[in-house]
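See below for the structure under consideration.
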Amino acid sequence: MAAEKLETVIAGNYVEMEIETEEQYTKNSKNKLSKYLWHGGSVYDAWFSCASNQVAQVLLTLPYSFSQLGMASGIIFQLFYGLMGSWTAYLISVLYVEYRTRKEREKVDFRNHVIQWFEVLDGLLGKHWRNIGLFFNCTFLLFGSVIQLIACASNIYYINDNLDKRTWTYIFGACCATTVFIPSFHNYRIWSFLGLLMTTYTAWYLTIASLTHGQVKDVKHSGPTKMVLYFTGATNILYTFGGHAVTVEIMHSMWKPQKFKLIYLMATLYVLTLTLPSASAVYWAFGDFLLDHANAFSLLPRTRFRDSAIILMLIHQFITFGFACTPLYFVWEKLIGMHETKSLMKRALARLIVVIPIWFLAIIFPFFGPINSTVGSLLVSFTVYIIPALAHIITFAPAAARENAVERPPSFMGGWAGIYSMNCFVVMWVLVVGFGFGGWASMLNFIQQVDSFGLFTKCYQCPHKA
């Protein structure tokens, strides 16, 4: 039966080698608990992974972005970048399917190998594209992990300020290093589910607490007032919907990756039900005060509900750190020849070296909020938007590639011409607005934070104690 599966390769379809593993886990009664809590590969697992990974700590910085953008622009940019992010996630899924189909026709076995984005680019477009994809993706995931550590220290400080934020960064760096023991995205089933519950609670806490608190005295809603602030806020939202730097790894963890097409869009629609009410409510209540408070928790009064939200976000940031770091672990394993090693302990020990530079960078640049915008403009713009759109254009430029494409464009998009037009729009918009204006604004803002607080600052935006 397995041999027949490996031999059956037809146009428009490709072999699902993980099905054998799925059937093995289903039949083995000893693995029932593992199946339900640990070993996930369904459409629902992928949806939870995408939604949980997308919203993370940025939930706490979106009110800060609204203070820079103003209410109307904040809402419009969330909807716009949410749809654009869903579009490029769809493009990545199409390219993954195309790459995997071609390789499996050559009888390549992926059962002990996790396909990554740079390998898709390599297989479809060559080594130069591979190198570009590898650089941007790894750098983005590196700083994405850094941001999670910064967020952990920023959040816990509002529960316990006996230690400064830099000391908390040391502590949470050690805690997050334990993610080296999670083998792959197959094993995030329970974590993804819990992570989304945590962000859902936090989002609605922010909404309800802000509305209950009401507007502070003399509240002002001046935004937007400066171009620098406006484009800094916009690139933070660009970053918000750029969570699909791990799309290929999530797809590969599915039993049937071809079902991924609309998962990211469905995840984005759910995430918007969390981000739009919470950011709007916090900005309505505190207005311009948010310009000096990048973390929304800092302005809300301490209650057991706020402390619960902080604790839940700390746990979620541990999960998101794992999401961002796991692809980096894979790259490092492949570089040193450890990727197909079956010993979890050997792989975990090899992975530890990846955590060290992340830990160090979080201590150097503890600028919660501004660092999101900088990463969004300089890295997410290429990793998540420009490279996938250009890669899709070039991959299917030859008539033969379009004719033999595994995934054909939907008819409502206007066929190949419609896809091409949409991709060109994405590339131009993100290149000019996201990378150009956004890069200029976010770098100015970032440099201002360095000048104001300095590198290695012990306690970024901490209130002065008497």
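For all residues, glycine too, the Cβ spot is worked out from N, Cα and C.
Bear in mind that the values here come from a model prediction, so they are computed numbers and not experimental data.
If you look up TrEMBL, you'll see 39-432 marked as domain 'Amino acid transporter transmembrane'.
Per TrEMBL, the feature transmembrane segment maps to 75-97 (among others).
Summarising the annotation, TrEMBL assigns transmembrane segment to 134-156 (among others). Beyond the ends of the transmembrane segment (134-156), by six or more residues, the same chain brings 56-57, 60, 116-118, 165-166, 168-169, 172-173, 175-176, 242, 245-246, 295, 297, 310, 313-314, 317-318, 320-321, 324-325, 327-328, 331, 357-359, 361-362, 365-368, 371-372, 375, 379-380, 382-384, 387, 460 to within a C-beta distance below 8 angstroms of the stretch.
The transmembrane segment annotation in TrEMBL covers 168-185 (among others).
If you look up TrEMBL, you'll see 190-208 (among others) marked as transmembrane segment.
Within the chain, the transmembrane segment (228-250) has long-range Cβ neighbours (under 8 A, six or more residues past its boundaries) at 46, 49-50, 53-56, 58, 61-62, 64-69, 73-74, 77-78, 81-82, 84-86, 88-89, 92-93, 96, 114-117, 120, 137, 140-141, 144, 184-185, 260, 264, 268, 271, 275, 291, 323-324, 326-327, 330, 369-370, 372-377, 380-381, 383-385, 430, 433-434, 437-442, 444-445. Look at TrEMBL and you will find 228-250 (among others) tagged as transmembrane segment.
The annotation transmembrane segment is assigned in TrEMBL to 262-286 (among others).
Annotation comment: TrEMBL describes 309-332 (among others) as transmembrane segment.
Sequence-distant contacts of the transmembrane segment (352-371), counting only residues of its own chain at least 6 positions beyond either end whose CB sits under 8 Å from a CB of the stretch, comprise 61, 64, 142-143, 145-147, 149-151, 153-154, 165-166, 169-170, 173, 176-177, 180, 232, 236, 294-295, 325, 328-329, 332, 442, 445-446, 449-450, 453, 455-457, 460-461. Look at TrEMBL and you will find 352-371 (among others) tagged as transmembrane segment.
Summarising the annotation, TrEMBL assigns transmembrane segment to 377-401 (among others).
What TrEMBL records for 413-437 (among others) is transmembrane segment.
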- Query: Between the stretches 168-185, 262-286, 309-332, 377-401, 413-437, which one has more Cβ pairs under 8 Å with the transmembrane segment (75-97) than any other?
  - Reply: 262-286
- For the transmembrane segment (309-332), out of 190-208, 262-286, 377-401, most C-beta pairs under 8 A are with 190-208
- Within-chain partners of the transmembrane segment (168-185) [C-beta distance under 8 Å, separation at least 6 from its ends]: 49, 114, 145, 148-150, 152-153, 156-157, 191, 246, 249-250, 252-253, 314, 317-318, 321-323, 325-326, 329-330, 344, 347-349, 351-352, 354-355, 358-359, 362-363, 366
- Task: State the non-local partners of the transmembrane segment (262-286) in its own chain: residues 6+ outside its ends, Cβ under 8 Å from one of its Cβ atoms.
- Result: 43, 46-47, 50-51, 54-55, 59, 62-63, 65-67, 71, 74-75, 78-79, 82-83, 85-86, 89-90, 93, 199-200, 202-204, 206-208, 210-211, 213-216, 219, 221, 240-241, 244, 247, 293, 296, 299
